[in-house]
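TrEMBL annotations:
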- 20-223: domain 'TLC' (DOMAIN)
- 64-82: transmembrane segment (TRANSMEM)
- 115-135: transmembrane segment (TRANSMEM)
- 155-173: transmembrane segment (TRANSMEM)
- 194-216: transmembrane segment (TRANSMEM)
Amino acid sequence: MFSVIYLIAYFLVFRNWNPKQRPDATSCLISLAHGTPAVVLALSALFENPAIGFASENSKSQNLALDFSIAYFTVDLLHYLVLLPSDVLFIAHHLATLFVFVTCRYLVLHGSFAILVLLVLAEVTSACQNIWTLAGLRRGDLAVAANVYRILSPPFYVLYSIMRVFLGPLFFLKMSMYYLSGESDGVIPRWVSVSWIVVVGGAILVSILWISNLWVELVREMKKKGISEKKEM
């Protein structure tokens, strides 16, 4: 499914875009196709069995949610390896994410509760982020794109900060304390749970640094705009 969406996006939807922007735009479109449905699948799987915990056995619906995301990250990883091999950060992110999903789904068969909660926190901003990214790609040559990017930036930054800077780290702390306590060692080997902690912790740190830089840039632009408006007056 994601392969078909990718091909349609690359060869039809964005066929007239600048060759430098086309790969990024295509990646955004398959990300749009993944983000919100992934949140719906994950929430549905989580609410189906509210009594589950960090070491609970994966249910069929939870495995389906994991498979859906594994399919997306596999296609997007191939995209980066073929078209954007120099984007080492994204390649590393996708490899690490796939490691977590695949080990949870096919190796230990437990622990999807934690993975799916983190998936919801990460992907709930996906639609907003991808529209913002697409607008950013064209803001230099389309006034509409520039306006969408400008209007969408503050609310997107706020939503992203709530999910990735506050709620994400809080849940990560609770997850880490549980896995490091050894309570899950009987069903999830310690090396697996510790590797999940390292991967998720690294992803959260990168997210915090990324959104912090965007906030700094936004404040800088607002100050420049304020100074220029005063000079005009």
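One-based numbering along the chain as shown.
Using N, Cα and C of the backbone, Cβ positions are placed for all residues, glycine too.
Computed over the domain 'TLC' (20-223), the whole-number mean pLDDT of the model equals 95.
Distant neighbours of the transmembrane segment (64-82): 1-3, 6, 23, 26-27, 30-31, 33-34, 37-38, 41-42, 44-45, 58, 90-91, 94-95, 97-98, 101-102, 104-105, 112, 115-116, 119; these residues of the same chain sit at least 6 beyond its ends, with a Cβ under 8 Å from one of its Cβ atoms.
Residues 89, 93, 96-97, 99-100, 103-104, 111, 114-115, 118, 122, 153, 157, 160-161, 164-165, 168-169, 172, 175-176, 179-180 of the same chain, all 6+ positions outside the transmembrane segment (194-216), place their C-beta atoms under 8 angstroms from a C-beta of that stretch.
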